[in-house]
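**Student:** Quick one: the structure is below, questions incoming.
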Amino acid sequence: MSTNLHWQSFGQGPDLVLLHGWGMNGAVWQQTVESLQPYFRVHVVDLPGYGHSAESHAEDLAKIADLVLQDAPEKAVWLGWSLGGLVATHIALNAPQRVSKLITVASSPKFAAERPWRGIQPNVLTAFTDQLLEDFSVTIERFMALQAMGSPSARKDVKQLKQAVLSRPQPNPDSLLVGLNILADVDLRDALTSLSMPMLRLYGRLDGLVPIKVASDLNEQLPSTQQFVFNQSSHAPFMTEHEAFCLQVREFAA
């Protein structure tokens, strides 16, 4: 089992690390990298069990974070999308000396709904887990459709996500299961108040996985953080409203 993850670095400038979400790989960032590399040294990793890191495996969030930190820049702005946002947040909480600023995209400190907290219904996550054990390619396809649902460019977004996934080795089913367990079980809400670095939270108004109510709930809990909502986006604002997304990142990370 390999402990080395697949990294790619582009451009020159301050270090910026991009972390992808569940079922995906670093290829989802291709367009983002092209737009940001004139301003940053952009580092893209395939998380353990995904893409070119499919031979690696980590059994929980802490182990994923440890493997990612092994070859990451000494200090960087960290940006995590969806599940990647949990990984980036975990790193910011447990290795704050490595994180100058934190950006989360369509992410939540707790993905599973638990009244009054909004999120993914636990039975949806359970259904994904059951489906995963039967046919993981169908599961990923359903998840992609769910991510784009509501976005005016849903069909285009799904196509882009699909192309990214298919351009690299398929994810390791064990790692997919670990990821679903993290989405179902992890709760970083209380820990967030101890974050020491500047934080920007980016959301899609039409997101069906991270309801927009999460943004306002966290505004109350984290008044010193910044947030921005993309009005036309669902779960992948970096695709749906690409230019506006890159502008938010540039202004905050500079």
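Each residue, glycine too, has its Cβ placed from N, Cα and C.
Annotation source Swiss-Prot lists domain 'AB hydrolase-1' at 16-241. Annotated substrate binding site per Swiss-Prot: Trp22, Ser82, Leu83, Phe143, Met144, Ala145, Leu146, Gln147, His235, in sequence order, evidence recorded as sequence analysis. The feature active site, nucleophile is assigned by Swiss-Prot to Ser82, with sequence analysis given as support. According to Swiss-Prot, the active site annotation covers Asp207, His235.
If you look at the structure here, what lies around each of the features I listed?
**Tutor:** DSSP assigns Met144 (substrate binding site) to a helix in the three-state reduction.
Ser82 (active site, nucleophile) falls outside any helix or strand according to DSSP and counts as coil. Remark: Ser82 (active site, nucleophile) has His20, Gly21, Trp22, Val105, Ala106, Ser107, Gln147, Leu209, Val210, His235 as non-local neighbours, by Cβ distance under 8 Å and separation of at least 6 in sequence.
Cβ environment of Asp207 (active site): Ala106, Gly150, Ser233, Ser234, His235 lie under 8 Å away, each six or more residues apart in the same chain.
His235 (substrate binding site) carries neither a helix nor a strand DSSP state and counts as coil.
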**Student:** In sequence order, what residues of the same chain, 6+ apart, have a Cβ less than 8 Å from the Cβ of Met144 (substrate binding site)?
**Tutor:** Gly23, Val158, Leu161, Lys162, Val165
**Student:** Measure the Cβ-based neighbour count of Leu83 (substrate binding site), defined as the other Cβ atoms within 10 Å of its Cβ.
**Tutor:** 24
